[in-house]
Amino acid sequence: MLAPQMSPTNQLIRQRDGAGFEIPEHSEFLGTLIPRITCGPVFCSVLLLLVFTCIFILPSSAPFASVYSSLNHSPKAHETDIDDRYGDLDSRTDSDIPEIPLSSDRTPEILKKALSGLSSRWKNWWIRGILTLTMISLFFLIIYMGSFMLMLLVLGIQVKCFHEIITIGYRVYRSYDLPWFRTLSWYFLLCVNYFFYGETVADYFATFVQREEQLQFLIRYHRFISFALYLAGFCMFVLSLVKKHYRLQFYMFAWTHVTLLITVTQSHLVIQNLFEGMIWFLVPISSVICNDITAYLFGFFFGRTPLIKLSPKKTWEGFIGGFFSTVVFGFIAAYMLSKYQYFVCPVEYRSDVNSFVTECEPSELFQLQSYSLPPFLKAVLRRETVSLYPFQIHSIALSTFASLIGPFGGFFASGFKRAFKIKDFANTIPGHGGIMDRFDCQYLMATFVHVYITSFIRGPNPSKVLQQLLVLQPEQQLNIYKTLKTHLIEKGILQPTLKV
């Protein structure tokens, strides 16, 4: 383990805007061996490896194999009992699900002509490669355009993913001609987005809201309005129930809400991560992209051993190669991005300039620190210390999740597509499928990054507290001022005012 060389005065891990929280001291032995800054990455990496072991290694061992065998080969009498008890809940099986029409090939004609002499395997490889480079180039352009454009990109991707999933439900059950299904689905999407984005406006645009009386009303009663909108949709659903189709309509109601949970909630977390600093948005997303690309390349050229039945084309060689490539990529990307304020500073809205700004004094998380090397590395590298950004150590945990657990989002999507006998969610991107096919792993990553930040990184945010104070009434502000002054005098930070 690397041990940081820190001065005695540098014992406070400072967070954004100079705020921080104090980390409890380790024992004397651990204090010399494990740096405090690695607590989060080490904990997460060990936990992820344990989960991975439980998923892939333990089920193949003898004791667990017998348990799995008993579960998969239960007596017929037991199966009959289950069927008798629950068979009437849903008489439909996977074979009863109607075939969804295959999407048309949207590959540009110029690419078809240029690759006409290649086999289907290599033709697909070139199409995926060209479109991948195109999408990455467009992504770089949007990053250059700033945080607001990234937020619009996240919103656009969310809406398109929702559309693809809802369209599958509509096509599968279109023969039943369910009333209001698509209308209510989009209405609920509007309601949930209104709730989440309203919460974001209240948190990060308080000074702007304070100047606009109409917005003050909407923010003050935001949650009540959101709930009233949802209740209206709920009542509309109840009124749309049709005899003999009750069960199917409730299926679709649940379908819509699960889709909202997958798309809207996760995209909201992506935007929350973006407000913490663009680096918390770019490194996780680019790690998932890197793992997707390198796993595909390793699997394409070296893949021999199938990884999981849900995705027959996934191989162990691609999975392992993608893991090591992603960890190295994340470490290097963290080093490159940590140099620039544009990427590391929290995204904040400045009412005086009416725009988003990324200007701050970078916290110690993004300042180079010297770490002493373990003895065996000193002999190999012939140096005593190495300079790293602390965020690089955190990037190891992010990359580990992206390469070990992130792919399970893709496996989940593969199972979903197999259940409905489709190859891709849509044909939006030639060679790749739909938008959801490209972002199935990103949603898991967004949740993990948000949990990671709140658990190991985020401390008190003075700027957010100040924004909340500014919207209070003058009497409330004065009471807080007096209370804070008294507290600082009692701690000896301020001198008491002498009365003449």
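The backbone N, Cα and C atoms fix where each Cβ goes, glycine too.
Going by TrEMBL, these are the annotated features:
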| type | residues | note |
| --- | --- | --- |
| TRANSMEM | 37-58 | transmembrane segment |
| TRANSMEM | 125-157 | transmembrane segment |
| TRANSMEM | 178-197 | transmembrane segment |
| TRANSMEM | 217-239 | transmembrane segment |
| TRANSMEM | 251-271 | transmembrane segment |
| TRANSMEM | 277-303 | transmembrane segment |
| TRANSMEM | 315-337 | transmembrane segment |
| TRANSMEM | 391-413 | transmembrane segment |
Contact set, same chain, for the transmembrane segment (125-157): CB under 8 Å, 6 or more residues outside the stretch: 107, 111, 115, 118, 193, 267, 270-271, 274, 278, 281-282, 289, 293, 296, 300, 347, 355-356, 358, 429-432, 435, 438-439
Contact ranking winner - 217-239, 251-271, 277-303, 315-337 against the transmembrane segment (391-413), Cβ under 8 Å: 315-337
Residue numbers, six or more beyond the limits of the transmembrane segment (178-197), whose CB comes under 8 Å of its CB atoms: 155, 158-159, 162, 166, 169-170, 222-223, 225-226, 229-230, 233, 236-237, 240, 242, 245, 248-249, 252, 256-257, 259-260, 264-265, 268
